[in-house]
Amino acid sequence: MTDFDIPADLRYTEEHEWIRKVGPTTARIGITDYAQSQLGDVVYVKLPDIDDEVVGGDSFGEIESTKSVSDIFAPLTAKVVAVNENLDAEPEVVNSDPYGDGWLVDLEVADEKTLDAALRDTLDVEGYLAVIEG
Amino acid sequence: MTRRTESARLSTEPVAVDHLGLIDYREAWELQRRIADERANDIGTDRLLLLEHPSVYTAGRRTDLADLPQDGTPVIDVDRGGKITWHGPGQLVGYPIVKLAEPVDVVDYVRRLEEALIAVCNGLGVEGGRVEGRSGVWLPASFVRPERKIAAIGVRVQRGVALHGFSLNCNPDLSAFDTIVPCGIRDAGVTSLSIELGREVGVDEVTAVVAETVVRALDGVLQVSAHDVARDARVTSGT
């Protein structure tokens, strides 16, 4: 069994992002505890601007650690409605609190049916565990 | 969590090593991106590009204005990790372009590159190691010399493929570093194999052993072990 924190109430992607439904048409996105541990100490996060459109499966930002730069992928096609600007000053929160204050962006889609359908296409805890445990 | 494989690479095919000689930075960058796109689509084989660049400064996105050359020297903005550095003749540059084993472990990959370069340095009689919170290969501070970097690492991972890589100072003109703050670290120095050994150590002398050792590290033949540089209260930290 993994030592990483994988909350049961979230959805996950194979690219190690988590998704939390925070409104009927809105989802909050971040990277998982596993992802932050594999990246190392996060020193910079490049995020899109509010009102940007992101495309599911495409890169919409970057996370830089002391070791490398890695892409962040959009789990669904949507509009950016909020960005965690606190990460400009405190990028290390992505390491210390990946599911809380280390969130990245909020994405909004046209209607709840679209969001629910997109979430069904993502992974539950067991599915994500299978990804990280190989 | 344990890896399913001892290798950091997804492929079991041997790494192809390309000796490119002296090559323009932008040309090499374009070549890297082309190979990385191929590897992301499972085309071709993992490659290790070994080369030297004509004198050039390159800056990662986190580079502070204060770290840049103050004389207006051109700087190429790049998409690797890290801040500003210099590349030039006498410095062996290596770009391993490899599809990483899944799940991707970036820290493990970088530690393998560090391990290979530490092994090369140690084999030549230069005792290098790691510094917590920094990448690359470092030599410990003494009462007369600061902590100093002999090899730099800056990596990007996209679509599961690693690109960019490392540089090892063999016998470069280190005065090129005087106009910048290398890697944004103000409390440390830069050194070379030639300076540390007191004799000329050219790129040609180390290229073959670097190629072999990097491949051994990526494939898990050379195991990662602790090589922490001893530090004391006189040495302050950086990133």
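For all residues, glycine too, the Cβ spot is worked out from N, Cα and C.
All TrEMBL annotations are machine predictions without curation.
Pulled from TrEMBL, these are the features on record:
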type	residues	note
DOMAIN	B:42-222	domain 'BPL/LPL catalytic'
BINDING	B:ARG80, B:GLY81, B:GLY82, B:LYS83, B:ILE84, B:THR85, B:TRP86, B:HIS87, B:ALA152, B:ILE153, B:GLY154, B:GLY165, B:PHE166, B:SER167	substrate binding site
SITE	B:LYS149	site 'Lowers pKa of active site Cys'
ACT_SITE	B:CYS183	active site, acyl-thioester intermediate
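Location within the structure of each feature annotated in TrEMBL.
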residue	record	DSSP class
B:ARG80	substrate binding site	coil
B:TRP86	substrate binding site	strand
B:LYS149	site 'Lowers pKa of active site Cys'	strand
B:GLY154	substrate binding site	strand
B:PHE166	substrate binding site	strand
Alpha-carbon spacing, B:GLY82 (substrate binding site) to B:LYS149 (site 'Lowers pKa of active site Cys'), which is rounded to whole Å: 14
Binding-site residues compared (B:TRP86, B:PHE166) - the one with the fewest other Cβ atoms within 10 Å: B:PHE166
Proximity to chain A among recorded positions B:ILE84, B:TRP86, B:LYS149, B:ALA152, B:PHE166, where any Cβ pair is under 8 Å: none
Between B:PHE166 (substrate binding site) and B:LYS149 (site 'Lowers pKa of active site Cys'), the C-alpha gap once rounded to whole angstrom: 12
Separation of alpha carbons, B:ARG80 (substrate binding site) and B:LYS149 (site 'Lowers pKa of active site Cys') (Å): 18
Mean of pLDDT values spanning the domain 'BPL/LPL catalytic' (B:42-222): 88
Greatest C-beta neighbour count within 10 angstroms, which of the recorded positions B:ARG80, B:LYS149: B:LYS149
Distance in Å spanning the most remote Cα pair of B:ARG80, B:GLY81, B:GLY82, B:LYS83, B:ILE84, B:THR85, B:TRP86, B:HIS87, B:ALA152, B:ILE153, B:GLY154, B:GLY165, B:PHE166, B:SER167, given for substrate: 15
Neighbourhood of B:GLY154 (substrate binding site) by C-beta distance under 8 A, where only residues 6 or more apart in the same chain count: B:GLY60, B:ARG80, B:GLY81, B:GLY82, B:THR85, B:SER135, B:HIS164, B:GLY165, B:PHE166
Local Cβ density at B:ALA152 (substrate binding site) - other Cβ atoms counted within 10 Å: 24
Number of other Cβ atoms within 10 Å of the Cβ of B:ILE84 (substrate binding site) across all protein chains: 23
Number of Cβ atoms other than its own within 10 Å, given for B:GLY82 (substrate binding site): 30
